[in-house]
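*Asks:* Sharing a structure here in structure tokens format.
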Amino acid sequence: MTSEFEPRVLPTEHALPMDKDGSETLEEGPIVKEYLTSESPQDEFPEGGMVAWATVFGSFLVQICGLGYSVSFGVYQEFYTQNYLTNQTSSAVSWIGSLNTFLVTAVGLVSGALYDQGYFYHLVIGGSVLQSFSLFMLSLAKPGQYYQIFLAQGLGSGIAAGLMFVPSMAVISHHFRRKSTLVMTFVLAGGALGCAIHPIMLNYLFNGPLGFANAVRASAGLVSGLLLIACLCMRTRLPPPPTTVNYTAVAKKSLTEIPFVLMTAGGFLFQVGFYYPFFFFQLDSIQHGLSTTFSFYSLVILNMANLVGRVTSGYIAAFTGVPNLTIVATIASGILILGMIGLKSLASVVVLGVIYGYFSGVYIAMYVPLVATLTSDMSELGARMGICFCICGFGALIGAPISGALLGSNYTWWKPALFSGITSLAGSMMYFAMRVMVSRGKRSAQL
């Protein structure tokens, strides 16, 4: 018979630490903490269930109405340039869409920190209300009034999408661990689906009997309804961490990690050219004499292929690895952007739209998993995502306006295509250098 003071063995076959009087204590010992943590119900991820999949569906809808709406700016670019803002250059019009796209990722630096502090519902509800308000205000903008459109669509809608983007992605980690990468690629596919839905709707309504104002109101009504459903579906499961991550400390630490620096530099350079097809593909088709009806669907072709790329990338990455797939996607995208110099016929629009759409979708789907791959301490993932997204977002901010300036009023298409293609390929070389440094680090660790 054992004495009551003799230590009892836990299922892990490790004994609890003992006080001087022989009683057990739970106040110290890493083994005890590991045992207690393993028994914590918070660490037993459901990996599914009604609440988890409802949250995934809500996040999917947020991507349709946020990033999906932002990347659909190519429809607005063509309409503003040829009809609504004819007093402005292509470069000036591009600033509206590039600012919107930049804010989607840059505001993540703030929304990520607030999410870590437990303000998830405040962010998604506030962002939804602001998105709805901004689009209804856009419908009131008058022809030729650049500042009205810039404030409503560039600034207001961009901030709204930025408030929702990081929280809607990060909340997936409350419900999934093993399947998180695959689920995130599905959620990001919502952005591609939005890029197909919004251009069809907007092109049809802009050029129909409704006109610009009523068309934008109809679009705002659709977005508002989808965001309402999203807010009702999404739920958090875990409490906020007891201590929030210090972004300054994480930034300083990240600057000492060469692979992370190379990844961020690669993302910045790549995104300078990445959005050129999304903003100018439809206008390019129309200016090369293709039928207006077909040109309206050029962005739809690109974005449906983009959807396929996002959905399939998770399965491909399981065999190739995230860094390798990112390199392939960025090199292919850069070459295809250069190929837009030869865009002249219906066949070239279809081929470029399908292939570029697919590889751009793969790149977008690998964006978050790549940051996670280079993060050793997962408690820093939100901060690192915010830092990386913000810096890379500056590439998206300046890329389209530079392309618009190179295009000029005479529509010299080879100049912006050459510039965007070269900068995208330069970004892919940075990703390749990152991969080399990661491999060297692994070999050094094994020695």
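Cβ coordinates come from backbone N, Cα and C, glycine included.
TrEMBL does not curate its annotations; it predicts them automatically.
So TrEMBL lists these for the protein:
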TRANSMEM  50-72  transmembrane segment
TRANSMEM  92-112  transmembrane segment
TRANSMEM  119-140  transmembrane segment
TRANSMEM  146-170  transmembrane segment
TRANSMEM  182-206  transmembrane segment
TRANSMEM  212-234  transmembrane segment
TRANSMEM  255-276  transmembrane segment
DOMAIN    259-447  domain 'Major facilitator superfamily (MFS) profile'
TRANSMEM  296-318  transmembrane segment
TRANSMEM  325-343  transmembrane segment
TRANSMEM  349-374  transmembrane segment
TRANSMEM  386-407  transmembrane segment
TRANSMEM  413-434  transmembrane segment
*Asks:* On the 0 to 100 pLDDT scale, where does the domain 'Major facilitator superfamily (MFS) profile' (259-447) sit on average?
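*Replies:* Mean pLDDT, the domain 'Major facilitator superfamily (MFS) profile' (259-447): 88.
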*Asks:* Looking only at the recorded stretches 50-72, 92-112, 296-318, 325-343, which one has the largest tally of CB-CB distances under 8 Å to the transmembrane segment (386-407)?
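*Replies:* Looking at each of 50-72, 92-112, 296-318, 325-343 in turn, the most contacts to the transmembrane segment (386-407) are made by 92-112.
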*Asks:* Counting Cβ pairs under 8 Å that are 6 or more apart in sequence, does the total for the transmembrane segment (212-234) and the transmembrane segment (349-374) reach three or more?
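*Replies:* These two segments do not touch.
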*Asks:* Which residues of the chain, 6 or more past the ends of the transmembrane segment (349-374), have a CB below 8 A from one of its CBs?
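*Replies:* Apart from its flanks, the transmembrane segment (349-374) reaches 169, 181, 184-185, 188-189, 191-192, 257, 259-260, 263, 267, 270, 274, 277-278, 281, 285, 290, 294-295, 298, 301-314, 316-317, 322-323, 325-326, 328-330, 332-333, 336-337, 339-340, 343, 381, 384-385, 388, 434, 438.
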*Asks:* With Cβ-Cβ distances below 8 Å as the criterion, list the same-chain residues six or more beyond the ends of the transmembrane segment (146-170) that contact it, or say none.
*Replies:* 58-59, 62-63, 65-67, 69-70, 76, 80, 84-85, 87-88, 92, 95-97, 99-108, 110-112, 115, 120, 123-124, 126-128, 130-131, 133-135, 137-138, 140, 184, 187-188, 230, 234, 368, 382, 385-386, 389
*Asks:* Check the transmembrane segment (182-206) against the transmembrane segment (296-318) for contact, please; criterion is three or more CB pairs under 8 Å, pairs 6 or more apart in sequence.
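*Replies:* When sequence-distant Cβ pairs are counted, the transmembrane segment (296-318) touches the transmembrane segment (182-206), since at least 3 lie under 8 Å.
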*Asks:* Between the transmembrane segment (255-276) and the stretches 50-72, 92-112, 119-140, 296-318, 413-434, work out which stretch tops the count of Cβ pairs under 8 Å.
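*Replies:* Maximum Cβ contact count belongs to 413-434.
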